[in-house]
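Listed in TrEMBL:
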- 6-159: domain 'Xaa-Pro dipeptidase N-terminal' (DOMAIN)
- 171-434: domain 'Peptidase M24' (DOMAIN)
- ASP252, ASP263, GLU429: Mn(2+) 2 binding site (BINDING)
- ASP263, HIS345, GLU390, GLU429: Mn(2+) 1 binding site (BINDING)
Amino acid sequence: MSAERLFADHLNHLLTEYASALQACDFADQPVLVGSGISHSYYADDLAIPFRAWGHFLRWLPVDRPDQFVLFRHGKKPVFFAVIPQDFWHDQSLELPGWWADLYDIRILPDKHQLEAQLKTLIPDHQLLFLGEDVNLAAALGARPGHVNPASLIAYLDYYRAYKTRYEVQRIADANALALTGHQAAHEAFLDGKDEFGIHMAYLTACRALDHELPYPSIVGVNEHAAILHYQLKKRRSAAVDPALNKALLIDAGCRSFAYCSDITRTWVRPGVHEVFAALLSGMQKLQRNIIRTIAVGQSYVQLHEATHESLAELLIESGIAVGSSRELLEEEVTSAFLPHGLGHFLGLQVHDCGGRLASPDGTTKQPPSRYPALRTTRTLENGMVFTIEPGLYFIPALLDKLRTGRRQALLNWTLIEELLPLGGIRIEDNIWLNEGTAHNLTLKPLLSA
């Protein structure tokens, strides 16, 4: 299916969704102005912070720049207010490819303050609903306080953003395909003995991306740094290339395609690495595949997370890291020290896409079990959802130290753990689309039929 057809279907879906949302939230037939966001500078500085448009704006069109607006009116062609300043300091050019631009009434404005005159013509007899960051502009346009980011409407849109259109799935698939080229380059750089900085640069070069264009700061953890879950550094060594120093690599990195994100994690080891760690890596890869095989419509994501901990307990015992029964390890919350994060999250226009803990469109939430507070997703899985599956096994000193006393101390092989600490940990992460009752792995098969 062509990009034009995919986007046209997506836009029709979005128009219908907004009409339903307004009806459900007692704003029937009212016009909605959706803003992309505001550009900000660092504190006490005139240097702009890299901008990222709001997800609910980007669903309408892939224009990732500040002060852009889409006007929804029931039954009418959506209007895109393309604010293009007369600016000689920056490149303000804006591409308007026909595959999406032809579906909009596009009005080019020199600044956002021209919106008021436009809206008086387009919606003279209606109260304006405003969604977005620029609440001062909303007030200037006459939007009443209760019509600026109404919680009920935001909750409704957040909830249904979990269901991806075919256009959105294709963009996420494209982002996976692009990121995989970077992961391959990173793996080769690791084996060549490059430091974290060199591995990171290999990833960027292969993806032809700048840092701020990635969906999130890449995690490039060599050896013990893999145990820092959101490791933010890319250390440079004095000897930038030294294969002997690279024992294990955990790289968590994605790409964007027309604002949609991929989120992929791979763990690699050098030949000759500790045999137990190599076996753990193989075991975690198998564990992840088995989890994905069990995914079904109507299943709770919480159940998947709990099943992951059960499998992790068995792997810890099988590898000799733990003794006793898997039930003991779960009851004593030993597995949580090795896997402190959730199994995954929704994925889309944000890496941690919205709505993961919403139980209904009215904004009711479902919190995770108290023993798994970091779980971002508690929804029941349904067709159309895209989410990550990312089990991990880490040797985190701060968490393991809490197991060194009391009953739990005897459940672990501390000599072996000390040998594995320098290798950091393991995470395997793929992006999954649930479609017609089947879990499609967009990371392993990213190129869908067009």
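Just so you know, the numbers here start at 1 and follow the chain as drawn.
Here the Cβ of each residue, glycine as well, is placed from N, Cα and C on the backbone.
Locations of recorded TrEMBL features on the structure.
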{"residue": "ASP252", "record": "Mn(2+) 2 binding site", "contacts (Cβ under 8 Å, 6+ apart)": "SER218, ILE219, ASP263, ILE264, THR265, ARG427, GLU429"}
{"residue": "HIS345", "record": "Mn(2+) 1 binding site", "contacts (Cβ under 8 Å, 6+ apart)": "VAL351, HIS352, ASP353, GLY356, ARG376, THR377, PHE387, THR388"}
{"residue": "GLU390", "record": "Mn(2+) 1 binding site", "contacts (Cβ under 8 Å, 6+ apart)": "ASP263, THR265, GLN288, HIS341, LEU343, GLY344, ARG427, ILE428, GLU429, ASP430"}
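A sphere of 10 angstroms centred on the C-beta of GLU429 (Mn(2+) 2 binding site) encloses 21 other C-beta atoms. Under the three-state DSSP scheme, ASP252 (Mn(2+) 2 binding site) falls in the strand class. According to DSSP, GLU429 (Mn(2+) 2 binding site) is assigned to a strand segment.
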